[in-house]
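*Asks:* The structure is given below, and queries will be raised subsequently.
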Amino acid sequence: MRAPIPEPKPGDLIEIFRPFYRHWAIYVGDGYVVHLAPPSEVAGAGAASVMSALTDKAIVKKELLYDVAGSDKYQVNNKHDDKYSPLPCSKIIQRAEELVGQEVLYKLTSENCEHFVNELRYGVARSDQVRDVIIAASAAGMGLAAMSLIGVMFSRNKRQKQ
């Protein structure tokens, strides 16, 4: 039997499983979350809008978790609690509520929804998704470079034997 999803508590980070990425929000109580959304987002489109990757601005929104998640699964994921001390819950909520309605800078690689919620909870802006993509891209690049080098070495060796 699968364990039930724990009920979020104010200040919890909510990880929403979108088809190709994870969207993040912070739970502020009474069923609501605060999260970043593209300024052009239409109601019901959710943060899965492709426009989120194409704009440099976002709007801080307070919406029902049910509406933000839509049909996507979500979980409480305070994954950095062992590394960073969460700020007091009242401060997390206050900071989140103060930002609602504001337009903020949005960069997929340095100021995205995961950076935003980690900054609110821990005072540290970080995104493991971005780090993981950079590591994977670096590994792929090194793999291609190694294959190219091996190809050049075999090519030279073959020419020398002729």
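For all residues, glycine too, the Cβ spot is worked out from N, Cα and C.
OK, Swiss-Prot features for this one:
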{"type": "ACT_SITE", "residues": "His23", "note": "active site"}
{"type": "ACT_SITE", "residues": "His35", "note": "active site"}
{"type": "ACT_SITE", "residues": "Cys113", "note": "active site, acyl-thioester intermediate"}
{"type": "DOMAIN", "residues": "13-129", "note": "domain 'LRAT'"}
{"type": "TOPO_DOM", "residues": "1-133", "note": "topological domain 'Cytoplasmic'"}
{"type": "TOPO_DOM", "residues": "155-162", "note": "topological domain 'Lumenal'"}
{"type": "TRANSMEM", "residues": "134-154", "note": "transmembrane segment"}
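Show me how these features fit into the structure around them.
*Replies:* Around the Cβ of Cys113 (active site, acyl-thioester intermediate), a 10 Å sphere holds 24 further Cβ atoms from the protein chains shown.
Computed over the domain 'LRAT' (13-129), the whole-number mean pLDDT of the model equals 88.
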*Asks:* So how many other Cβ atoms are close to His35 (active site), meaning within 10 Å of its Cβ?
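*Replies:* His35 (active site): 24 neighbouring Cβ atoms within 10 Å.
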*Asks:* So for His23 (active site), how many other CB atoms are inside 10 Å of its CB?
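*Replies:* Cβ-Cβ neighbours of His23 (active site) within 10 Å number 25.
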*Asks:* List the Cα distance (Å, whole number) between Cys113 (active site, acyl-thioester intermediate) and His23 (active site).
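*Replies:* The Cα atom of Cys113 (active site, acyl-thioester intermediate) is 7 Å away from the Cα atom of His23 (active site).
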*Asks:* Can you tell me how far the Cα of His23 (active site) sits from the Cα of His35 (active site), in Å?
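*Replies:* The Cα atom of His23 (active site) is 9 Å away from the Cα atom of His35 (active site).
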*Asks:* Helix, strand, coil residue numbers for the domain 'LRAT' (13-129) per DSSP?
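*Replies:* When I sort the residues of the domain 'LRAT' (13-129) into the three classes, I find 35 helix, 35 strand, 47 coil.
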